[in-house]
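The domain 'Sugar phosphate transporter' annotation in TrEMBL covers 108-389. The transmembrane segment annotation in TrEMBL covers 110-127, 139-158, 251-270, 282-304.
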Amino acid sequence: MACFAKQYYAGEAHYNHLQHQILASKSQFSSFPSNLTSLKNTNKRSLLLQKPLYISSLGGLGRFDESKSSKPREPLIGCSAYEAHRSQPISVNIEFDEQAKAAAAQKLKIGVYFATWWALNVIFNIYNKKVLNAFPFPWLTSTLSLAAGSLMMLISWASRIAEAPKTDLEFWKALFPVALAHTIGHVAATVSMSKVAVSFTHIIKSGEPAFSVLVSRFLLGEMFPAPVYLSLVPIIGGCALAAVTELNFNMTGFVGAMISNLAFVFRNIFSKRGMKGKSVGGMNYYACLSMLSLLILTPFAIAVEGPQMWAIGWQNAVSQIGPNFVWWVVAQSVSYMSLNEISPLTFSIGNTMKRISVIVSSIIIFQTPVQPVNALGAAIAVLGTFLYSQVSSQ
């Protein structure tokens with residue numbers, strides 16, 4: 001009797017365990033629960049008297065086999081609960097390209113510099129010519145331009161808007177020949193514009209690359225590729241054609257523009273050789289150059305023209321033009337301090353476009369008579385300057 005009770009309870013436990021597993025897989029297999037009802041109605045004791053029921057494998061019916069040898073099926077969709085007490089900040093890996101950002105900022109900076117430089121150059125040439133028409137004193141006009149630029153930079157340094165450069169005596173000694181050439185070129189260009197049209201002065205000044213190549217070749221012994229020499233042909237030919245067909249040709253104006261070209265070539269040569277390795281650059285360098293040029297020019301301007309002539313000329317200009325003449329002087333003086341932080345290639349292209357803008361705008365504003373042949377010569381000269389800038393920058 002005890003043996004039978006033991007077998008009964010063992011069979012009962014085995015039956016309950018099997019029933020639990022079958023119910024667990026009910027949701028997966030709809031055909032299996034139909035056997036479950038008949039199994040419940042079977043006499044439990046008769047089941048125990050029969051041979052034990054062996055199930056070799058339930059792997060095909062679900063994840064019943066939990067043995068080590070079995071490989072449970074991986075779920076098709078994995079879900080995991082979010083635990084609030086283990087919350088962590090979501091890290092978003094967004095990598096910004098710092099070089100791209102820096103390049104974009106640099107392009108924007110160059111664009112602002114270029115637009116300002118272009119606008120100031122056009123304003124300077126237009127108002128400089130207006131002042132010279134009413135006040136024909138190019139030495140004083142050049143002095144006022146340098147003085148205005150120097151004063152602007154001194155105020156910027158004093159107010160900490162711009163950082164003052166650190167200079168020494170050696171710096172100013174190396175800068176002196178550069179400033180001397182800059183002074184000659186600046187005054188010569190102003191003298192030229194006081195005698196001829198602004199457009200004609202800039203047509204002749206577009207021949208500056210030819211002076212640069214010739215001076216470097218015959219005085220410094222530098223050699224250039226063949227395309228550089230070929231680009232000089234339209235420059236020289238265009239300038240010559242424009243000069244011959246100029247209706248208001250003036251020898252003083254023509255020579256002044258030529259001297260300005262030569263002086264600026266030597267300014268660039270002295271700057272490359274004497275100022276190499278100096279810590280001062282950009283706008284501060286141009287400011288120091290203007291200040292030293294002002295010191296060089298002032299005594300010569302007083303000697304050539306003099307305060308008495310300036311006073312008489314000023315009264316005549318104010319009486320003819322009115323108070324607007326004062327604003328013309330201020331505009332041409334302030335706009336002279338153009339910015340100088342542009343790459344060489346951008347500068348070469350921009351300088352060509354600027355010269356075209358100055359020529360066209362001056363012809364329109366001052367109603368300068370231009371013959372078709374003269375315009376053709378100007379176009380050829382400017383085109384040659386552009387070609388030179390492209391082949392020389394490679």
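Using the three backbone atoms N, Cα and C, a Cβ is placed for every residue, glycine included.
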Best-contacting stretch, by C-beta pairs under 8 Å, relative to the transmembrane segment (282-304) and drawn from 110-127, 139-158, 251-270: 139-158
Predicted model, mean pLDDT over the domain 'Sugar phosphate transporter' (108-389): 86
